[in-house]
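Taken from TrEMBL as is:
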| type | residues | note |
| --- | --- | --- |
| COILED | 249-276 | coiled coil |
| DOMAIN | 60-493 | domain 'Major facilitator superfamily (MFS) profile' |
| TRANSMEM | 56-86 | transmembrane segment |
| TRANSMEM | 98-115 | transmembrane segment |
| TRANSMEM | 127-145 | transmembrane segment |
| TRANSMEM | 151-172 | transmembrane segment |
| TRANSMEM | 184-205 | transmembrane segment |
| TRANSMEM | 217-236 | transmembrane segment |
| TRANSMEM | 342-364 | transmembrane segment |
| TRANSMEM | 371-395 | transmembrane segment |
| TRANSMEM | 401-427 | transmembrane segment |
| TRANSMEM | 465-486 | transmembrane segment |
Amino acid sequence: MGVQENGNTEMGLSLGAKNKYRRMDSQVTHDGGFDDDYDASRHSHQLERRRTTRRYVFACSVFASLNNVLLGYDVGVMSGAILFIQEDLKITEVQQEVLVGILSVMSLLGSLGGGRTSDAIGRKWTMGLAAIVFQAGAAVMTLAPSFEVLMIGKILAGVGIGFGVMIAPVYIAEISPSVARGSLTSFPEIFINLGILLGYVSNYAFSGLPAHTNWRIMLAVGILPSVFIAFALCIIPESPRWLVLQNRVEEARNVLLKTNENEAEVEERLAEIELAAGIGNSGKLEEKAVWRELLSPSPALSRMLITGFGIQCFQQITGIDATVYYSPEIFKAAGIVDNSKLLAATVAVGVTKTAFILIAIFLIDKVGRKPLLYVSTIGMTICLFSLGSTLSFIGEGSVGVALAILSVCGNVAFFSVGIGPVCWVLTSEIFPLKVRAQASALGAVGNRVCSGFVAMSFLSLSRAITVGGTFFIFSALSALSVAFVYKCVPETKGKSLEQIELLFQDGYELQDSEVQLGDVEHLVQKE
């Protein structure tokens with residue numbers, strides 16, 4: 001210690017010897033020792049660095065998640081605004097389905113383009129592009145004089161949302177430390193839920209205005225988060241892993257110094273990222289290699305794609321968007337007829353959804369991804385079956401209304417505590433660095449396709465087999481998701497992004513003792 005601190009061997013040893021005798025003598029003289037002061041100062045510095053780093057990464061995760069408020073707000077606000085759009089523009093039921101579902105269909109284009117765009121201009125500026133495109137779409141929707149113009153705005157908003165939804169989890173996963181990555185990568189789902197709740201509140205707040213005006217104000221409010229996103233881009237750094245891919249290693253090191261609690265780990269993490277990135281390939285060759293790998297994947301990458309694409313599809317085909325978009329229709333089927341009461345009931349759904357996502361944030365890095373997925377998918381299966389039974393056999397009346405509201409709230413609660421956030425966490429952390437952005441984009445495409453299919457077919461399917469029958473189908477699909485989680489999803493808690501790749505390799509099995517030893521070593525280093 002003396003040599004390192006003083007740069008002179010003799011001086012270091014003499015100070016060390018002097019300090020040794022002073023420490024022994026301090027039992028009598030109570031004179032403080034140099035080492036004691038140094039250790040206390042060093043420990044204080046480490047604690048302060050840890051607090052600063054955590055605040056910084058937390059702030060970056062919050063700012064990166066702001067685009068997801070836009071998606072949530074659009075989903076929530078359309079559930080009520082569509083009632084007044086239908087009254088004002090005199091749209092048909094088919095047009096209503098298309099207007100609601102087109103957001104998901106167009107967002108898949110944004111997700112597809114988002115992968116390549118984020119590899120070209122960076123994760124950070126892709127988030128900025130997403131906000132600009134959405135803002136343009138929201139402005140067009142607000143001023144739309146007809147259904148056709150409203151659709152143009154909806155298409156623009158969908159593309160912008162596709163960019164934002166795809167890139168936020170990837171960015172957060174790439175800047176977060178392993179021990180907190182699950183919680184931080186769940187932030188986009190929190191902000192989606194917050195947006196949904198704000199959409200419901202907006203519906204309720206502006207529903208008393210004239211039909212020609214209220215839905216326009218509801219949609220215009222969605223522009224406001226873009227202002228905060230512009231501010232966020234001035235603060236957050238670029239992803240260190242993207243910087244390494246661009247051979248900007250020194251910039252990546254500076255970002256890692258800000259986002260890692262332990263300075264000693266920075267070079268180790270940087271070396272892992274450089275190895276995963278395969279430094280030396282040109283950008284053009286890298287681009288070709290990505291699509292060649294995705295179109296002709298290795299067995300390990302195939303398993304990753306099945307897991308990532310599958311969990312994204314199951315998140316949506318179990319009917320969460322139908323529950324959110326069409327909650328007024330569901331409550332109408334249960335017996336609520338007054339528009340004000342319908343919108344008040346949807347606010348209760350939004351509050352439940354937002355509250356339970358907060359529970360997931362605290363649990364995801366403690367109990368792990370897979371246990372939350374089991375609780376979520378099993379709970380959703382029961383609630384969806386209960387809702388189908390209520391609407392099919394109990395019918396209208398106070399009991400039916402109470403059970404319908406309870407089942408819908410239960411369904412969104414189980415969704416938010418598990419598959420809602422965990423789905424995005426998994427797809428942002430399981431893929432290798434070179435293909436992460438574009439493989440995650442494929443997962444987001446699966447999510448948006450399923451979301452659009454559900455949103456655009458729910459009313460027609462409900463007319464054909466009743467609302468209750470539709471939820472029986474969702475319940476069966478939710479039961480299948482339990483089996484999928486058991487068979488295809490590994491536990492990724494507490495592992496670095498580079499370690500997670502190994503979970504999908506042939507014959508690789510991480511023993512519990514290895515995990516525990518790694519955790520202990522990590523904690524010792526932290527201390």
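Placed from the backbone N, Cα and C atoms, the Cβ positions cover glycine too.
Worth saying up front: this structure is predicted, and the values here are computed from it rather than measured.
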What residues in the same chain, six or more past the boundaries of the transmembrane segment (127-145), come closer than 8 Å to it by Cβ-Cβ distance? 64, 66-67, 70, 110, 114, 117, 121, 152-164, 167-168, 171, 216, 219-220, 222-223, 225-226, 229-230, 232-233
With Cβ-Cβ distances below 8 Å as the criterion, list the same-chain residues six or more beyond the ends of the transmembrane segment (56-86) that contact it, or say none. 96, 99-100, 103, 107, 127, 130-131, 134, 138, 150, 157, 160-161, 163-165, 167-168, 171-172, 175-177, 180, 184-185, 187-200, 202-204, 207, 211, 214-215, 218-219, 221-222, 225-226, 228-229, 232, 235-237, 258-259, 321, 324-328, 339, 343, 346, 350
Restricting to the domain 'Major facilitator superfamily (MFS) profile' (60-493), what is the model's mean pLDDT? 85
Do the transmembrane segment (465-486) and the transmembrane segment (371-395) share at least 3 Cβ pairs closer than 8 Å, excluding pairs fewer than 6 residues apart in sequence? yes
Using Cβ distances below 8 Å and needing 3 or more such pairs, separated by at least 6 in sequence, tell me whether the transmembrane segment (342-364) contacts the transmembrane segment (184-205). yes
Contact between the transmembrane segment (184-205) and the transmembrane segment (401-427) (3 or more Cβ pairs under 8 Å, separation 6+): yes
